[in-house]
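Input: a single structure, listed below in structure tokens.
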Amino acid sequence: MAETALTDHGEPAARAAGWRGIAADWSSDQRAFKNVSWGKAMMWIFLLSDTFIFSCFLLSYMTARMSTTVPWPNPSEVFALNIGGTHIPLILIAIMTFILISSSGTMAMAVNFGYRRDRVKTATLMLVTAAFGATFVGMQAFEWTKLIMEGVRPWENPWGAAQFGSSFFMITGFHGTHVTIGVIFLIAIARKVWRGDFDVERRGFFTSRKGHYEIVEITGLYWHFVDLVWVFIFAFFYLW
Amino acid sequence: MVDVPYEATVDVPPAEVADVELYHPKSWWTQYVFSQDAKVIAIQYSLTATAIGLVALVLSWLMRLQLGFPGTFSFIDANQYLQFITMHGMIMVIYLLTALFLGGFGNYLIPLMVGARDMVFPYVNMLSYWVYLLAVIVLASAFFVPGGPTGAGWTLYPPQAILSGTPGQDWGIILMLSSLILFIIGFTMGGLNYVVTVLQARTRGMTLMRLPLTVWGIFTATVMALLAFPALFVASVMMLFDRVLGTSFFMPALVEMGQQMKYGGGSPILFQHLFWFFGHPEVYIVALPAFGIVSDLISTHARKNIFGYRMMVWAIVAIGALSFIVWAHHMYVSGMHPHFGFFFATTTLIIAIPTAIKVYNWVLTLWRGDIHLTVPMLFALGFIITFVNGGLTGLFLGNVVVDVPLSDTMFVVAHFHMVMGVAPIMVVLGAIYHWYPKVTGRMLNEALGKLHFWVTFLGAYLIFFPMHYLGLLGVPRRYHDIGEAAFLTPSVHTLNAFMSVVALIVGLAQILFLFNLVWSLFKGKASGGNPWRATTLEWQTPETPPGHGNWGKELPVVYRWAYDYSVPGAPEDFIPQNQPPARRTAQGAAT
Ligand code: HEM
Ligand SMILES: [Cu+2]
């Protein structure tokens, strides 16, 4: 994907390789990250900050889980489904994870087609990604409903430590919110791509800045991040 | 292309980034209210922060009145006292100092000092202010709800923060936590802008190592805030759930009024870790911009280059990094494992090294300088003195064995007021005297300024220096009325009354200052573009106050660092950063 190396801001500058290159970039004027646009830099730094938020959530959950004196409900049991008479542990979560990971694939393809300025394919792939995301959130809603019917509440549950429900709703809720925001973002950008805003450099309604196809990649960064976070939640909450 | 003398283009590479497209306001509303111009946003931030800061100031008067003359003011009861300290502390630290340094000075100075036209994403920057305003309104509304604001102390320690014995348990604590969450969201939008502007939107020739220290300080503080506020965000969300939904993240099993509560299994210590993982860096979030600004004030008003610029930069970065691994020095008495105390005491003392380097460098910059005792310089000197004082008592409190008896006494209150209360406020005030001419085109009245300085500096010292002594005697903090006890000598009561009177006078001096701000706006002496004959870019703008887009048609080009004061052989005692080097010698070495 050589296209992605080109940004909207002029030609790529010649640069030294390795550490020398990094040091040269940082000590040069104008830009510390060469050929990185403002938007992309901003998204990366935001994601770093957001990483700290999720880390704090997960660490707090782990503290609660390790220090509790009452038994912790067994996730494989709690998150099992009866499908066609067979009892399959974690099946719903496995499907959800699969869907979210697949959506990262379609997102990456959308970014690629975006830089080729293929409007239709980009927009379609973004909408497919959004659809995967929406499915994920829908399945999460199903999972929440099921647990709530079984008596799980943020403050109590039938099987053990109350922090199980608290952490579960808080962490998956916070992650689900991220996915939902991502879906809205994807749809909004897909609409702009479809309409050809980035080909005619139409100005944004609020910002009055010209749009660029790069926004597809920036959306992609966010989306991959949300997927990555899910992998950690999956590992620490469901598999532990 | 700028008209650059031939030789100079050799030093300055061509522009890498096309000039930005600015948002041009179409109406009065988008020009002054929903403005996307960082300078307007800066002023909005500053005015809002000042307004809520005044509330905190008035609260400090009320607290001091109560402490100085216990029993005299029947309208201040124990509950209210707790509410006052909580709101005072939280407002001062977060809604005043953080917002003023980053949202106020950051917005105004970063684009000007790095030679940018505006922040990189002006629209997001504007949203940041409006969310901040909302946070302030939510916070202030706590004064008007049933039960009043929370009295949990600015540290909001659970379980007491959400138990019914604490005032503000109904609404106050909910509003406080919501306001904090809003503040963090708003700050993040602004903070991302500041960081990306410094990293990616500098003008030609402005390398990182040519940035004025003000920018370094604000930049590092912003990065820290982006990494530290998440912990407070998470802690606030979790405590909000504990309070509203009845979860038990922080709440252990409790008996209240003989009743077993529904809580159980949570960890109050977890909150303390989260809070101080934010809280300690927060101290440096208000200190680092102060360090940066004070360096520039000293250098400009002593007409000397800053001593050890590189060391200053590295010290700022080192302090920023180290401050993330010292947080548990606030928790020596929390009952955590003693080995942790050893670790955190060590890291705490290590931070003293870069901090001391900075103090030496300030003093060495002053050494044999051409010191002009202007008002900004006076405040800068006041900062050094109060900061050194607070730093030394910090060494006391950083050691476990010394801290344990001093913890929760007035000694702690004296320490943090010196180091993160008075010292940064000195810098804020000095900075306002320094940059007011750029913002308004007029000088602040100097006589009033000097009066303001002496009353504030001496007064603050008279309040907080004796407070150490109260702490050593064992006077506890957060006590509405210490009453009579064997360890309280009569001097304690005299001192308390004395400190309260001084506090009122210091407060009045701030009102005088506000008057000066307004009066000078209309009647102040016209300042011209560069009244202090300073080198940094913000003083070289074509217009004063700088217009929309800051620089007229062409962006400035930077040829030198920010501290070319009293260069031998130069015609003037300062050389602006955007002044090209003189002719080259045959060898090609620049003069
Ligand atoms: C004229 C200036 C000031 C006066 C007279 C003053 C006075 C006080 C008093 C009397 C207390 C309560 C002590 C106690 O009973 O525990 C207090 C607490 C506090 N003050 Fe100030 N203060 C001033 C400025 C500031 C500033 C500029 C800051 C900014 C950092 C600040 C931050 C705090 C904090 C964090 C607390 C602790 C609140 C708590 O215990 O929860 N103060 N101040
Ligand atoms: Cu600390």
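The backbone N, Cα and C atoms fix where each Cβ goes, glycine too.
Nobody curates TrEMBL annotations by hand; they come from automatic prediction.
Summarising the annotation, TrEMBL assigns domain 'Cytochrome oxidase subunit I profile' to B:23-559.
Same-chain residues lying 6+ beyond the ends of the transmembrane segment (B:40-62) with a Cβ under 8 Å from its Cβ atoms: 31-32, 73, 76, 84-85, 87-88, 91-92, 95-96, 99-100, 103-108, 125-126, 128-129, 132-133, 136, 139-140, 439, 503-504, 507, 510, 514. Among the features that TrEMBL reports, transmembrane segment is placed at B:40-62 (among others).
The transmembrane segment annotation in TrEMBL covers B:82-110 (among others). Remote same-chain partners of the transmembrane segment (B:82-110), defined as residues 6 or more beyond its termini with a Cβ less than 8 Å from a stretch Cβ, comprise 38-39, 41-43, 45-46, 48-50, 52-53, 55-56, 59-60, 62-63, 76, 116, 119, 125, 128-129, 132, 135-136, 139, 142-143, 148-154, 156, 166-168, 172, 176, 180, 183, 187, 190-191, 194, 197-198, 214-215, 218-219, 221-222, 225, 282, 285-286, 289-290, 293, 420-421, 424-425, 428, 431, 435, 439, 478, 480, 538.
Here the transmembrane segment (B:130-151) has Cβ contacts under 8 Å with residues 44-45, 48, 51-52, 55, 79-83, 85-87, 90-91, 95, 99, 103, 161, 166-173, 175-176, 178-180, 182-183, 185-187, 189-190 of the same chain, all six or more residues outside its ends. Summarising the annotation, TrEMBL assigns transmembrane segment to B:130-151 (among others).
Look at TrEMBL and you will find B:171-192 (among others) tagged as transmembrane segment. Taking Cβ pairs closer than 8 Å, the transmembrane segment (B:171-192) reaches residues 83, 86, 90, 94-95, 98-99, 102-103, 106-107, 121, 124-125, 127-132, 134-136, 138-139, 141-142, 145-152, 156, 161-162, 222, 225-226, 229-230, 232-233, 236-237, 239-240, 243-244 in its own chain, all 6 or more past its ends.
The transmembrane segment feature in TrEMBL is assigned to B:213-241 (among others).
Summarising the annotation, TrEMBL assigns transmembrane segment to B:274-295 (among others).
Sequence annotations record features per position, and here TrEMBL assigns transmembrane segment to B:307-328 (among others). Listed as Cβ neighbours of the transmembrane segment (B:307-328) (distance under 8 Å, sequence separation of 6 or more from its ends, same chain) are residues 209, 213, 216-217, 220-221, 223-224, 227-228, 273, 276-277, 279-281, 283-284, 287-288, 291-292, 295, 336, 340-341, 343-344, 347-348, 350-351, 354-355, 357-358, 361-362, 364-365, 367, 561, 563.
Summarising the annotation, TrEMBL assigns transmembrane segment to B:340-363 (among others).
The annotation transmembrane segment is assigned in TrEMBL to B:375-398 (among others).
Marked as transmembrane segment by TrEMBL: B:410-433 (among others).
Under the heading transmembrane segment, TrEMBL lists B:453-475 (among others). If one looks beyond the transmembrane segment (B:453-475) by at least 6 residues along the same chain, the residues whose Cβ comes under 8 Å of a Cβ in the stretch are 375, 378-379, 382, 386, 389, 393, 406, 409-415, 417-418, 421-422, 425-426, 429, 482, 487-489, 492, 495-496, 498-499, 502-503, 505-506, 508-510, 512.
According to TrEMBL, the transmembrane segment annotation covers B:495-519 (among others).
Taken from TrEMBL, the feature region 'Disordered' applies to B:572-591.
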Sequence-distant contacts of the transmembrane segment (B:340-363), meaning Cβ under 8 Å and at least 6 residues beyond its ends, amount to 291, 294-295, 298, 306-308, 311-312, 314-316, 318-319, 322-323, 325-329, 332, 384, 387-388, 391, 394-395, 398-400
Which residues, given as numbers and ranges, are at least 6 beyond the ends of the transmembrane segment (B:495-519) yet have a Cβ under 8 Å from it?
50, 57-58, 60-61, 64-65, 67-69, 429, 432, 436, 444-445, 448-449, 451-452, 455-456, 459-460, 462-463, 466-467, 469-470
